[in-house]
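Below: the structure, in structure tokens.
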Amino acid sequence: MDSFNPTTKTQAALTAALQAASAAGNPEIRPAHLLMALLTQADGIAAPLLEAVGVEPATIRAEAERMLARLPQASGASSQPQLSRESLAAITTAQHLATELDDEYVSTEHLMVGLATGDSDVAKLLTGHGASPQALREAFVKVRGSARVTSPDPEATYQALEKYSTDLTARAREGKLDPVIGRDNEIRRVVQVLSRRTKNNPVLIGEPGVGKTAIVEGLAQRIVAGDVPESLRDKTVIALDLGSMVAGAKYRGEFEERLKAVLDDIKNSAGQIITFIDELHTIVGAGATGEGAMDAGNMIKPMLARGELRLVGATTLDEYRKYIEKDAALERRFQQVFVGEPSVEDTVGILRGLKDRYEVHHGVRITDSALVAAATLSDRYITARFLPDKAIDLVDEAASRLKMEIDSRPVEIDEVERLVRRLEIEEMALAKEEDEASKERLEKLRSELADQKEKLAELTTRWQNEKNAIDVVRELKEQLETLRGESDRAERDGDLAKAAELRYGRIPEVEKKLEAALPQAEARENVMLKEEVGPDDIAEVVSAWTGIPAGRMLEGETAKLLRMEDELGKRVVGQKRAVQAVSDAVRRARAGVADPNRPTGSFMFLGPTGVGKTELAKALADFLFDDKRAMVRIDMSEYGEKHSVARLVGAPPGYIGYDQGGQLTEAVRRRPYTVILFDEIEKAHPDVFDVLLQVLDEGRLTDGQGRTVDFRNTILILTSNLGSGGSEEQVMAAVRSAFKPEFINRLDDVIIFHGLEPGELVQIVDIQLAQLQKRLAQRRLTLEVSLPAKQWLAHRGFDPVYGARPLRRLVQQAIGDQLAKQLLAGQVHDGDTVPVNVSPDGDSLILG
């Protein structure tokens, strides 16, 4: 035993056997201890070796446990258990076998053969079940191939393909892959490249979510169906998992050893295996431990060039440029196959192909109009992602929402249940009372409780019946899908009798049951459970993701939009044309008649200070979002220098703040449906207007990091004081001299706000008083302002130069200041009504 050189796993098995014998109080380490240690090893080779000779490892393990239970125990023995004669013989046999096979280490498979040799109880057990020494030796090739054991951890390289990859063709045979619709040109191009003699390595390049991985799954399905040229017939497509290959590689060289084992297996398959690596850029640098170290990319280069490894890669445009193109030697070994984003029409076709899978998974019905809505709405509103992925996600989430509602108790049942609980508590309280009134009330309450319990039972039964009907349909659909998969498998395997029995017997039978169950599920009246995904459900998900109201307008919202001028007019006085223009823009967008490739509206508001330009933008945000803060306000006076343009869209690469994004672009990316106010636009540097040209015309803007930000659901309002006080012609002349023609030409409308008339001031007084009243509501104070007092405020607060702002200050001074003093002095208390009148001399207002 001087030359005994065990692998890490063999040493671990011997240690585990020693510990097990010691814990059980056995004086000797018997072959049964060694066998149990080998069978219970994580990632051990004993179980696969037994399976390779047709023996069930669980059976052997159960027998070994019974043997261990019968072993003698020595109590009080302090010394460690020693190897028994049979165990020593097994280890010696393993050592001789390793020498015979020219292996440098005694591996666990050598030890398994040693345990099966001789006349020990374990040897009889293994041989009796068919795991004879000769059978186990013949199985070596299946498990470890023709490789010699030259490292202390060879087990990590055994069955490397099974450990570190997924067989896509096997998954396709089992029907576990989603159907691939379209993409014929891309699959044909992949097949052409794979059929080459050398450099037969296509790399699928495209944006995330366009279906690169699906193309490889489509190839696997075609190979299984036999719909490929002779050169690819009966080939196996495996998806390599580099993550699991790197995971747990503790020592330098361990990752390379695993990868080499996988590559050797692929090489030995003589071209039968096509390898797929998703996220191909991960091979660059994978497993490298320092400068100049070998990584996965460098290890596979020679095989790629010689055509020994047929590799299909998939990666995005950015990552291909960043990682693969940098390594020219690696890039030249790949043939690029560009995968573009499918059109909306193609996406609808893809969704129709996937519809059955999602219906079976969620147990709901998905209407065709929902699929069309998913494709169109995702294309229109979810701009940062790509079809068909974003459309599939919409359908999936809408269906999962509906499934969650079906599984939850309906609101009607919840309400009745709470009422029953409340009545039961009342009943218990009244039962303790002795007076006649309480007894009479108790009788009425019991009658009501009985009615409500009956109603609850009826509702629960109805809900349960509806749920059962939906479950029956789902189970039948699952059954049908399983049978169709079995039928396809039987046909491929040439079992025509089974295929005929399924296709003409069991499948029509289940289809008939489904046809009978569907009308029953659909014909219910006053349904409690909705089981159909429609366009409105898709629109709800879009709204939840983006905040954009994409759904059909409800009656309440329609009425609200039709009277939009009245609502905005309550806040902005005397500017009918501006209110009309903004209202028309919002209605066009919500009715779907606006140009989808431009912002909802873009306006320039001109006029003197204090006439309501900024107030209209706030009122619009308040109207649309019920929150006046839901507005991006950019004070253009802060953008007077040339370099400040970078603050709007984000600093370019190489500058400080590059990773932070721009103030305008980031605000719109986070909230794509918003009002953007560019206040005092004339104070900005002229270069800022060049940035806005693209927004006004195309509805998009590229930020400092190269991302396109969508402005198509925003309303842009630019305010300016240019030419204020002049005539309309003078104002427009000032605008034309300050802004370039291409900038003015891209605006929807240039609206001139007129100075306020004295008659309009009373309405503004009402607005200012209403705002003050809202602040006083917390103290339950009510102001009663007389008409003369309002007229006094309007007269004193009017200033044609400064607009309505002096009026706000006057309300604060004449009413707010007096009221504050009276509250502090205790003259006015919470809940009081405070009258406001003009003083006898007409110089001030009197409170109280």
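Cβ atoms here come from the backbone N, Cα and C positions, even for glycine.
Among the features that Swiss-Prot reports, domain 'Clp R' is placed at 1-146, with the record citing sequence analysis. The feature region 'Repeat 1' is assigned by Swiss-Prot to 6-71. Taken from Swiss-Prot, the feature region 'Repeat 2' covers 83-146. The region 'NBD1' annotation in Swiss-Prot covers 159-341, and the record cites similarity to another entry as its basis. The annotation ATP 1 binding site is assigned in Swiss-Prot to GLY206, GLU207, PRO208, GLY209, VAL210, GLY211, LYS212, THR213. If you look up Swiss-Prot, you'll see 342-547 marked as region 'Linker', on the strength of similarity to another entry. Annotated coiled coil per Swiss-Prot: 392-526, in sequence order. The annotation region 'NBD2' is assigned in Swiss-Prot to 557-755. Look at Swiss-Prot and you will find GLY607, PRO608, THR609, GLY610, VAL611, GLY612, LYS613, THR614 tagged as ATP 2 binding site. The region 'C-terminal' annotation in Swiss-Prot covers 756-848, and the record cites similarity to another entry as its basis.
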>> Between GLY206 (ATP 1 binding site) and THR614 (ATP 2 binding site), how many Å separate their Cα atoms?
In response: 45
> Can you tell which of the binding-site residues (GLY206, GLY209, GLY607, GLY612) has the fewest other C-beta atoms within 10 angstroms of its C-beta?
Replying inline: GLY209
> What is the pLDDT of the coiled coil (392-526) when averaged and given as a whole number?
Replying inline: 75
> Around THR609 (ATP 2 binding site), how many other CB atoms lie within 10 A of its CB?
Replying inline: 16
> Among all the protein chains here, how many other CB atoms are within 10 A of the CB of PRO208 (ATP 1 binding site)?
Replying inline: 13
>> Between the Cα atoms of GLU207 (ATP 1 binding site) and THR614 (ATP 2 binding site), what distance do you get, rounded to the nearest Å?
In response: 41
> Between the binding-site residues VAL210, GLY211, THR213, which lies closest to PRO608 (ATP 2 binding site), Cα to Cα?
Replying inline: VAL210
>> Just to be sure I understand, if DSSP states are collapsed into helix, strand and coil, how many residues of the region 'C-terminal' (756-848) fall in each?
In response: 54 helix, 15 strand, 24 coil
> Out of GLY607, GLY610, GLY612, LYS613, which of these binding-site residues is nearest PRO208 (ATP 1 binding site) by C-alpha distance?
Replying inline: LYS613
> For THR213 (ATP 1 binding site), what is the tally of other C-beta atoms lying within 10 angstroms of its C-beta?
Replying inline: 16
>> Please give me the CB contact count at 10 A for VAL611 (ATP 2 binding site), counting all chains in the structure.
In response: 27
>> I'd like the per-state residue tally for the region 'Repeat 1' (6-71) from DSSP, helix first, then strand, then coil.
In response: 47 helix, 3 strand, 16 coil
> How do the residues of the domain 'Clp R' (1-146) split into helix, strand and coil according to DSSP?
Replying inline: 92 helix, 6 strand, 48 coil
> Nearest to THR213 (ATP 1 binding site) by Cα, among GLY607, GLY610, GLY612, THR614 (binding-site residues)?
Replying inline: THR614
> DSSP on PRO608 (ATP 2 binding site), three-state: which is it?
Replying inline: coil
> How many Å lie between the Cα of LYS212 (ATP 1 binding site) and the Cα of GLY610 (ATP 2 binding site)?
Replying inline: 57
